[in-house]
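Shown next, in structure tokens, is the structure this report addresses.
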Amino acid sequence: MSANTIPANRKTGFIDTVDEKEAKSFSSTASPIGKGQLVKAASAVAQIASAQWILILGLIFGGCCSNVFTLEAIVQENTNAGNLITFIQFLFVATEGYIHFFAPTQPPLFIAKPHVPFQRYAVGVTLFFLVSVLNNFVWKYHISIPVHIIFRSGGPLFSLVVGFIYGKKFSRAQIASVVILTAGVICATLFDAKNVKDKKEGTTETSNTREFAIGILILFLAQVLSAVMSQINENTYKKYGSFWRENLFYMHFLTLPLFYPVRNSIIDEFHNLAKSTPVSVTPPILSALVPQVCIPKQILYLLLNAATQYICVRGVNNLAGSATAVTVTIVLNVRKCVSLLLSIYLFGNKLSLGTTAGAILVFGGAAWYSIEISRLRQAAKSLKSA
């Protein structure tokens, strides 16, 4: 799960990633929203109705939603598999990127020279590693997938706080939307904490309120680090330009050595997954022609998780390259809602009325925040061209 590693108009979609949106802010003196802005917002939604819209939406909803399914299928049986899940995701993206950037004339790594100096990646890579590991570490504290999705949708809150620290200005609408979003996060978290406590009284296998609080604190820390990382990346792109695919590759490739201290944990987690029930991966139509191949079910989910994560990344980047920020935000918010509903339907997760209300506030606040960003950008462009 990932974090945002590219500028506002170039989302990775990882971590989930993924899916937080960092955006530049403008002065609160911009003109108020009017009919023209509403028409533009509506036309932005229509942008995806192009020749490649089926492919884009297929990648996003197929890849991202399938990724949530495979993730939950793993963590429901192996809550301690966070390091392994993160490592395999990073290894998959790094391997694909290495093939793409392979340069036989550039020893010793044989990869094309990056546009951004390696030393510039140092802080960003460290933060990216920490954010990704923390987001997958919380499973052992019995944080549910629905709460994970809701909490990570609160990215604008942390972006606003970090933006204030860096001297940015925000409009009243942006602040109001973040207040609504924050209320949603608090509401969803408190009601889910109550559910955890109630379950504890009925079964001894459910984590207690203290464990849940630790998990929420870990998610909170991951979100703060993600917002700081986004600001650092934004400054990097301002100086060196936007090269999203290069950034995606190096952020994963350079992070792989950081997994060395937890190598024993990764090996143990892999062995635990390897003990799961074997399933056949040979298509039935070919069963009479080729030998049947079986692999442990949890290992299959692990591989599918890494593959679908990458599909999700490509889908979001394709969308970001052919649509406005408003369109991207609307599609990603719908995607998160679909993932939440799938988690509830497929795995029997239940949301209380309070948690559901919190989710509505979070998704609504996030959408308003991003639409306001788009309005301010348009206003700034109009003032520039005047």
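Just so you know, glycine gets a Cβ as well, placed from its N, Cα and C.
As annotated by TrEMBL, transmembrane segment applies to 50-69, 81-101, 121-138, 150-167, 173-191, 212-232, 351-371.
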Best-contacting stretch, by C-beta pairs under 8 Å, relative to the transmembrane segment (351-371) and drawn from 50-69, 81-101, 121-138, 150-167, 212-232: 150-167
Top partner of the transmembrane segment (150-167) among 50-69, 81-101, 121-138, 173-191, 212-232 - counted as Cβ pairs under 8 Å: 212-232
Beyond the flanks of the transmembrane segment (121-138) by 6 or more, those residues with Cβ under 8 Å of it: 1-3, 5, 15, 82-83, 85-86, 89-90, 148, 152, 215, 218-219, 221-222, 225-226, 228-229, 232-233, 236, 250-251, 254-255, 258
Residue numbers, six or more beyond the limits of the transmembrane segment (81-101), whose CB comes under 8 Å of its CB atoms: 1-2, 14, 71, 74-75, 111-112, 132-133, 136-140, 245-246, 248-250, 252-253, 255-256, 259, 262, 265-266, 269-270, 272-273, 302-303, 305-307, 309-310, 313
